Amino acid sequence: MSATNLTLNDHVVQQRRTSIHRLNADILLHVFKICRDVEPVDIWNVSRVCSRWRSLSLEHSFLWARVTVNRRSIDLLGYYGFGNWLDEWILRTGTTRALDIVIDTEHIDKYNWWDWPSDDDLGDMVLAFARQAHRWRSFSYTLDLPWDTDFGPARRSENHYTRQKFVESVRSLPLLRSMRLMQTGAGPSCAYSPQTVYSLLHHATDLHLSSLSLINIFVNEDIPSGKVDRFSYHVTPDWSFARDTLLSALQAYSSMRCLHLSGSFYHDEDYDDDDDESSAIVLGSLEELHVEPSKETADALSSVDMPCLAKLTVAGRGHTMIHDSDAIQFLRDFSFHPHSPLLMTLVLHLSALRVPWSDIACFSALKTLRIAVPILHFSWLTIPETLSTLWTKKRRDDGKLTWCLPQLQALILDVNVDGGFNHAIMTQWTQLDTELKRHFQDRWAAAHREDENIAVLGIDIISSNRKIEVRETGHRNDHTTAIE
Amino acid sequence: MSITLISKEGAQFLVSKPVADRIGVVRDCAYGADFWLGYAVATDDSMGITLANVTSSILSKILVWCEHYKDMEPLVDGDSNMEFPEWDMAYIGHDMNQILFVLEAADYLHIPGLLLLACKGIADVLDGRNPRGICDLLGIVMDFSHRQEVDMDKENGYWRWFLHPT
C-alpha cells in the first residue's frame, strides 16, 4: 500500500516538474496541429501519449481532418484492417468539417504484391472517401504501381456497382477547391485510377476548383472547368503525350491565372499546323508561367497567346536546376513570342555559371530578375563577364549607347556556395560588397539623370544562411544579415 | 528611448524601443495600455519592468529574437504549412527543454511570433517518434484510464480484427 502511494506521489511530483504539463490546452493544440500538418498520421501517435493528450486530440475533430493513406500511415496503422482504421479516422473528423484527403501509393514497394494494393482495396478506399465527397476541401490521389502489378481478373459486376456508388457521391462537391491527380507505372490499368476519378467528375454539378494539378492525365473537355486559377500539367519522362493533348488541356482551363508546365510532348505528324493557327489558344488571364524548358514545350507554347503574362519562371520541377542549353534555347524561342517584351519578372534556374545575358536582354521591360546558380566562390560575382552586361553601357546595332535592361529594379542572385561558408569566404564577403558598388556606380548615377531612362537597380545576393543587399551608396544604407 | 527589463534573478537588460516593442507585456507596461491586466505602468523611461517568471538565460535568448525582428515582421499566421526562415529554425534548435522554456516565456510575455516558432520547434522534435519515445523525451507518464486502454487496444489490433472479425 505504501509502495503504491509512493509511486503515485512520485508520479505527481514528476508531472509538476515537467514543463510540458504547464502548457495550456490552446498551446498544446497548436503543437498538435503543426505535428498533424508535418505528417497527418502523427496525430494518431499524439493521441496515444497520455490521457490528457488523448482527450484533447479526440475532442478536436480539426486535428483529424487531413485523412492520409500513404506509406507512413500504413507503416504506423498496419495494412491489415486498413479499412477499419480508415473508417475510424473519418469518424473522428465529425460530420461537417471540411476534409483534406491524400491517397499516395508511392514507395509502398516493400509490401508484397499479393497484399497491397488490390483492385478491391483501391475500390473500397476510393468509395470510403467518396462517401464524404460533400466534405472534400482538397483531394490528392497518386497511384504509382510497379509495372509487374497483377490485379487479377477484374470483377466487372462489383466494379460497376462501386463505380455507380462513386458517381452518385461525387455529384456534389461544394467545398472542393484543390485537386491533384497523378498516375504512373501500372496505375492507369486499375479500375479506380486517377484518370477514372477525373473522368467521373463530369457528373459533378457544382465543381468550383481553384487549383488543379494533373500528372499523366488526359484532359476531358466535358468536365466543368469552373474558374481554375492555378493549373499544373505535367507528363513524366516515362510517358509522352502528343502536343495537341497539351493544347486541349490549356484550352479546357484557359481562364487560369497561373500555369505550371513540364514534360514530354511529341509533335503529332497527323496534326495540321494550319488548323493550329486558325484555332490559336488565348490564355487571357494568365499572369504567371512556370515552365520546365524543352524544345517541344516551346513549340507548343508558340501557338498560345498570353497577353497578360507578367512573370516567367524557367526551372526544373520543384525549382531544381536544368540543363542550361535547354533554358537558353527556351528563352531564345520564347523571346519571339509577341508579348514577351512585356514580361516584368523572370526567374531562371541555371546549372552552370554562364548567364545567358544576350537572351535575357530580349525581355526589355524586366523589372525583376532572379537567377539561381551554384557557384564555387563569391569571386565569380565580380568577374567581368558575370554581371558586366548590367554595369557597362553597350552599343546597339543603330550605334546608340544603351544600358541593358533599363527598367530593372531588382536583381536577385540565389547562390549555392559549394562547401558552405568558411573563413576565406567571410573575408571576401565585405570585399564583394565594395567591388559591386564600385562597378555599378555609373549605372546608379545614370538613373538620376533626366536624359537616361533607367531605374535604380538594387542587388540581393542570397545564400543558404547569408544575405547581402547592395544598394546605391548615399541613398540607402546597405547591410548584411547572418545567423551567428 | 530605452527600457530596462529585470529578470527573475534581478539581472537588468537595457533594450531599445524597437526591441521592447516585440514583447507584448512590455509594450503594454511601457505605454500604459493595459491597466486592467494589472501590469505596472512605466511613466519614466528609466523605470525597470520586472518579468518575474522569466530567468536571465531565457530572457537573453528571447531578446536575441526580438533584436532580429526589430525591423521586420515575424511569421504569425496560423497556417502551419508555412516555411520558417532558416535563421528561425537555427535559433530555436532541437533542445526540447530550452524550447519549452522559450515557449512558456513567449506565452507569458505575449510574443505571438516566438510562440509559433517554439510550437514548430517542439513539433519538429516530436516528428517521427512513437508515443513511448515522446513520453521518454518529455517525461510524461502514460496514465490512461481502463476505457482509453481498451479503445487503443482496438486501434492497435485492427489487423487482428481483420483476420478474426468475431
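Each position is counted from 1, following the chain as shown.
Yeah, the Cβs are placed from backbone N, Cα and C, and that goes for glycine too.
Because the structure is a prediction, the values reported are computed rather than measured.
Pulled from TrEMBL:
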{"type": "DOMAIN", "residues": "B:44-70", "note": "domain 'SKP1 component POZ'"}
{"type": "DOMAIN", "residues": "B:112-156", "note": "domain 'SKP1 component dimerisation'"}
Chain residues in Cβ proximity to the domain 'SKP1 component POZ' (B:44-70) (below 8 Å; excluding those fewer than six residues from its ends, i.e. six or more beyond):
1-9, 11-13, 15-16, 18-23, 25-26, 29-30, 87, 91, 98, 101-102, 104-106, 108-109, 111, 113-114, 117
Average model confidence [pLDDT] within the domain 'SKP1 component POZ' (B:44-70):
87
Provide the three-state DSSP residue tally for the domain 'SKP1 component dimerisation' (B:112-156): helix first, then strand, then coil.
34 helix, 0 strand, 11 coil
